[in-house]
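Quick look at what TrEMBL annotates:
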- B:HIS35, B:HIS265, B:ARG360, B:SER387, B:HIS464, B:ASP472, B:HIS476, B:ARG523: substrate binding site (BINDING)
- B:HIS35: site 'Important for catalytic activity' (SITE)
- B:HIS75, B:GLY124, B:PRO125, B:LEU126, B:GLY163, B:ASN192, B:HIS265, B:PHE440: thiamine diphosphate binding site (BINDING)
- B:ASP162, B:ASN192, B:ILE194: Mg(2+) binding site (BINDING)
- B:HIS265: site 'Important for catalytic activity' (SITE)
- B:357-528: domain 'Transketolase-like pyrimidine-binding' (DOMAIN)
- B:GLU414: active site, proton donor (ACT_SITE)
2 protein chains.
Amino acid sequence: MDLTALRTANPDHWTKATAIRALTLDAVATANSGHSGMPMGMADVATVLFEKHLKFDAANPTWPDRDRFILSAGHGSMLLYSLLYLTGNPEITLDEIRNFRQMGAKTAGHPENFLAKGIETTTGPLGQGIANAVGFAIAEEIQRAQYGKKVVDHYTYVIAGDGCLMEGVSQEAIGLAGRLELSKLIVLWDNNNITIDGTVDIADRTDQVRRFAASGWHVIEIDGHDPAAIDAALVQAKGSNKPTMIACKTHIALGHAAQDTSKGHGALTDQGQLLAAKAAYGWAHGPFEVPAEVKSAWEAIGSRGAADRLAWEGRFAQLSERKQAEFNRAYAFEVPGKLAGALRAFKKQISEQQPKWATRKSSEEVLKIVNPIMTETVGGSADLTGSNNTKTDDLGIFLPENRKGRYIHYGIREHGMAAAMNGMALHGGIRPYGGTFMCFTDYARPSMRLAALMQIPSVFVMTHDSIGLGEDGPTHQPVEHLAISRATPNTYVFRPADTVETAEAWELALTFTQSPSVLSLTRQNLPTVRVENKARNLTAQGAYVLAEATGKRQVILIATGSEVEIALEARAQLEAEGIGTRVVSMPCMELFAEQDESYRRKVLPAGPVRVGIEAAVRDGGWDRWLLGERGREAKAGFIGMTRFGASAPAEELYEKFGITAAATVAKVKELLGS
Amino acid sequence: MDLTALRTANPDHWTKATAIRALTLDAVATANSGHSGMPMGMADVATVLFEKHLKFDAANPTWPDRDRFILSAGHGSMLLYSLLYLTGNPEITLDEIRNFRQMGAKTAGHPENFLAKGIETTTGPLGQGIANAVGFAIAEEIQRAQYGKKVVDHYTYVIAGDGCLMEGVSQEAIGLAGRLELSKLIVLWDNNNITIDGTVDIADRTDQVRRFAASGWHVIEIDGHDPAAIDAALVQAKGSNKPTMIACKTHIALGHAAQDTSKGHGALTDQGQLLAAKAAYGWAHGPFEVPAEVKSAWEAIGSRGAADRLAWEGRFAQLSERKQAEFNRAYAFEVPGKLAGALRAFKKQISEQQPKWATRKSSEEVLKIVNPIMTETVGGSADLTGSNNTKTDDLGIFLPENRKGRYIHYGIREHGMAAAMNGMALHGGIRPYGGTFMCFTDYARPSMRLAALMQIPSVFVMTHDSIGLGEDGPTHQPVEHLAISRATPNTYVFRPADTVETAEAWELALTFTQSPSVLSLTRQNLPTVRVENKARNLTAQGAYVLAEATGKRQVILIATGSEVEIALEARAQLEAEGIGTRVVSMPCMELFAEQDESYRRKVLPAGPVRVGIEAAVRDGGWDRWLLGERGREAKAGFIGMTRFGASAPAEELYEKFGITAAATVAKVKELLGS
């Protein structure tokens, strides 16, 4: 590249973009780790985007009507941190830049949304950002339809790399965005033809422009170092009635000895080469030094949107008070006051009527109460609407012709669904839930983990939660998936035993503001076990005594979900033989673990034999409750799965795998006798 | 559709295809569950494929040079079972068809490779088959390069549905196959425009033909009910120098009242409609009845390849004895005799030299021994070759111009990599291993589970296995991933503590024939802890006493991988204070669980305080060993992670999260004192 030509053609632009490159070089070299090349390659694109297009007010990074900027290629985090620092983000100071990748810094190796305002999402696992962005753009459309263009009218910009586009989830995102005609989604592809292992074409020769076009996107190809071309492309993109992908031909590690090489992707720490690159840029400043006039120019960009924001506040104030409150409540993830009463009334009715429903059906009945009260819920399913029972009639289908629709047909895209849900939650103002079969936790898993890491309350509705699904067989029967979600930090896994517990689980999931929930729901019908009405949410304690022993308590049966019925049956048989048996329903291990020790000891006193019952592997967090947290508390056994399932009717599978009242009674007697 | 026209135009073809439709209708109706519409829609395509193109010998379904037929749209399993039964597969009898989806039947809800020969792979989770198929086609190319066209020369055919193509993994497969120019891979897309939730276009309007073409595929569009067009397309596809996608426009549930509807996707069980469909077909036969002449015509197709197979056996016999033995050994997943000795010598050398290597580096050193001895290994990485240390110089890169290459640059496609690896193992003759960061287990997870379910020995090389990776931060730091793989049935998870254990783990992984392995390897350097040379593979017992207490044994420290070093340090401190401390290294919990009870009790006797140390969540199977399998065995504690990690240098993270010798000593004292 002829840097001199670039520099002299657009000196003001060049200086601003070079500030990003220089800060990146210094921060990575100081940390002695990180990724230098991407920010250096995309500095021109980002500079034009921030200078001329991005609607933002650096001093108020959470202004709801800001444009969203998603760095999908998260390893290039210094691009984002440089932009935040330069434009005047209050949290990303020069000290933070100096502390890049160090303990306690907000400038983590990859962008972490929970560390500083202005970091819209956590990226690093490739493809997540572009898939989140679909959710951001959906959220904007729905909110615009709900509140009007005067208060919601912004774009979602994404910088994505070759890695993002090679990950399968990108296809799910591209297909969904194309179909939904998310015209305010603009993807800037860093087309540098370099990955860690070499040039892109050692592994891929996909014509990305043609690929995006095949899914209904507007596509533009430009030189990613030409400010005028970048600007023109963005103008064109904003005017399109389709989502736009701008292919930006760039040079990774521009101007460095490692330019256009895999080495340039990583940490460029050689001091001589660093200084040579700065010299080539015409950047005669020390480490981390940005001349005052350059900083001022960037800060002017950062405050460019302040007037817009003020004007927006005026328009927002013109909304009715009810609308303002609703908007603010949704952004705060607050639950409307009347939800609790409505659910209490529902529980009372259920305890009286005692329906035999599958908990997926129970969930649908709960949603019929929730959705009309909470206008911010957005439901959906990965092409299993009738099986997941996630749709209620009032929602309407979200489509280009119905932007008020709050139900999304995600297609056969579990991963893309979970990522888009996360994007909606991150955007703000939306409470997303989405369904698939629990076994396909596997497909959605990368985004489910990120929901937990990002501290957002996405609700994953996982139906067909055991061998109880029957004939579809082991590919569809979860065995280890409760364990997987329970092992994940900051994730609440609910496995309700009946309709009452399902209502309680939903209430809790909707109350969380910083944690995702997984609802584990059955395909098969279950009896109502909560026949005595309690206004209080018993699920909130994670586990509770559902049926007490009569006479001396010799046994505690602990069960979840569909196996609570089995525990009650086993108890009846044991009690008939004079063996006092308590049944503990444990719909949420995480919440039980959060109770104080005295409550936990009350529910699970030391002494009696304990048997856990769950149609899943014991590894799913059971031993802590069966054996006691420090051991030595009880003799214990477990009735569950130790292998993959099989294809057969559900009842036969329960018999085959010995998850029955009879097997439970036998296990109890074995433990009592030994 | 005008069925009469179809029927009269090609009466022989029609009758054969209708046998598939009729069997499907009967089997699904009898099971009262399943998917009728797909087999009814794709019967014409499948009939032409089997009649005129597929090289197979029904009586010998594992003949190595057969064409492979992959039903990626696995819910349409009755298509496969009908074809196997009709052509004379020895295991799929009429009784099996009658027992569709019942306990013990080989005709499970979705095709299960381990239930009958002739079922090439397990499908059902959508997109897996097409992604497996890439591995099948790679395996064919590599084996053809190794053994010559006379003994290896076959095609891989795939039937994929709209769901397969919407799943992200399909893009990874399409991109990889296009780049690698896998010209013997032919995908037949069941283009019926129907999914469970409605027409495809409620969720997707991707032009699939254009999409495949963008990734370098040959594309053809046909009427999927026109036998001549199907035949012509297959002829053309076989002649292409690219992989081919044939878009077959079909009618789901052809001829049934539910034709072209979502209802047609599922179980069509209405007897009146069933009989009406059969009448429309001109099929006047009872349930499960296939007239003798139709069965004979199909059996003639099934035996069409017998002569080919015999001729092939003659050609195979012309290979040198060494080559024959190598071919057969690889197909049997047998390890060459000399591997054990080579690894013993390596271990001896390591115990003497005591290098301080990261176990990813140790793994590379082991592969330098393995790969030259085992010509069937095929390695690769999802664009992290230099980080995963999966490449050895002798392998060569697999590319169109180098079909002998045994190393695959999979690109940034963890899921596609794992699925392709599975395909290679299923094809036979190849032992695949592939690497990524352990955190990206999440991306590869759907295929890792299937490796376990399918009982194939894929080896997943997962490096950067804890917070020890440092600055990249929590998106890249596995915390729950050991737990995830350990909770998965039929999966061996190895977390070696040093180079010696890494060699032992590799030896075991390569010895398995029916189970996948996960190797959990460090980024950071570790000391050699196995300083005393033992010829025996101690890792084979899963756990063993690495350092014994001197004096009275009060404490047992159990650790894995990088934390064994910490356990040894803690032991030194405890012993110095007169507290007798045993250190147990536990590189593989699953193997330890398989040992007899007396060995397990010898390693973990009841009594002494136990503390587990692993930089991961305790849920990862620990409590069984810490608390005892039935409880009451020991007071116990755990030093590990309870939350996501953070971005900082590795040593600081170990301090921050309290995974240190000092914390271990403190925990021991707390337990001893309490």
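A Cβ is built for glycine as well, from the same backbone N, Cα and C atoms used for every other residue.
Just so you know, TrEMBL annotations never went through curation; they're auto-generated.
Ranked by Cα separation from B:ILE194 (Mg(2+) binding site), the binding-site residues B:LEU126, B:SER387, B:ARG523 are led by B:LEU126. Take the Cα of B:SER387 (substrate binding site) and measure to each of the recorded positions B:GLY124, B:PRO125, B:LEU126, B:ASN192, B:GLU414: the nearest one is B:GLU414.
The Cβ of B:SER387 (substrate binding site) has 19 neighbouring Cβ atoms from other residues within 10 Å, across all protein chains displayed.
Of the candidate recorded positions, B:HIS35, B:LEU126, B:HIS265, B:GLU414, the one lying closest to B:ASP162 (Mg(2+) binding site) when CA atoms are compared is B:LEU126. Using a CB-CB cutoff of under 8 Å against chain A, the binding-site residues that qualify from B:LEU126, B:ARG360, B:PHE440 are B:LEU126, B:PHE440. The CA atom of B:LEU126 (thiamine diphosphate binding site) is located 27 Å away from the CA atom of B:HIS476 (substrate binding site). Its Cβ taken as reference, B:HIS476 (substrate binding site) is surrounded by 24 other Cβ atoms within 10 Å in the chains shown. Of the chain residues outside the Mg(2+) site list B:ASP162, B:ASN192, B:ILE194, B:GLY41, B:GLY161, B:ASP190, B:ASN191, B:ASN193, B:THR195, B:THR199, B:VAL200, B:THR250, B:ILE252, B:HIS265 have their Cβ within 8 Å of the site's Cβ mean position.
Residues B:HIS35, B:HIS265, B:ARG360, B:SER387, B:HIS464, B:ASP472, B:HIS476, B:ARG523, recorded as contacting substrate, have a largest CA-CA distance of 48 Å.
In terms of Cα distance, the recorded positions that sit within 10 Å of B:HIS35 (substrate binding site) are B:HIS75, chosen from B:HIS75, B:PRO125, B:GLY163, B:ASN192, B:GLU414, B:PHE440.
If you take every residue in the domain 'Transketolase-like pyrimidine-binding' (B:357-528) and average the pLDDT, you get 98.
According to its DSSP assignment, B:ILE194 (Mg(2+) binding site) is in a strand. When other Cβ atoms within 10 Å of the Cβ of B:PRO125 (thiamine diphosphate binding site) are tallied across all protein chains shown, the result is 27. Proximity note: of the listed recorded positions (B:HIS75, B:GLY124, B:PRO125, B:GLY163, B:GLU414), none has a CA within 10 Å of the CA of B:HIS476 (substrate binding site).
Non-local neighbourhood of B:ARG360 (substrate binding site): B:SER387, B:ASN388, B:ASN389, B:VAL461, B:THR463, B:HIS464, B:LEU521, B:THR522, B:ARG523, each in the same chain, at least six residues away, with C-beta under 8 Å from its C-beta. For the recorded positions B:ASP162, B:GLU414, B:ASP472, the largest tally of other C-beta atoms within 10 A is found at B:GLU414.
Considering only the residues assigned to thiamine diphosphate binding, B:HIS75, B:GLY124, B:PRO125, B:LEU126, B:GLY163, B:ASN192, B:HIS265, B:PHE440, the longest pairwise Cα distance works out to 34 Å. When other Cβ atoms within 10 Å of the Cβ of B:HIS265 (substrate binding site) are tallied across all protein chains shown, the result is 24.
Considering only the recorded positions B:HIS265, B:GLU414, B:ASP472, the residue whose Cα is spatially closest to the Cα of B:HIS75 (thiamine diphosphate binding site) is B:HIS265.
Classification of B:HIS35 (substrate binding site) by DSSP places it in coil, neither helical nor stranded.
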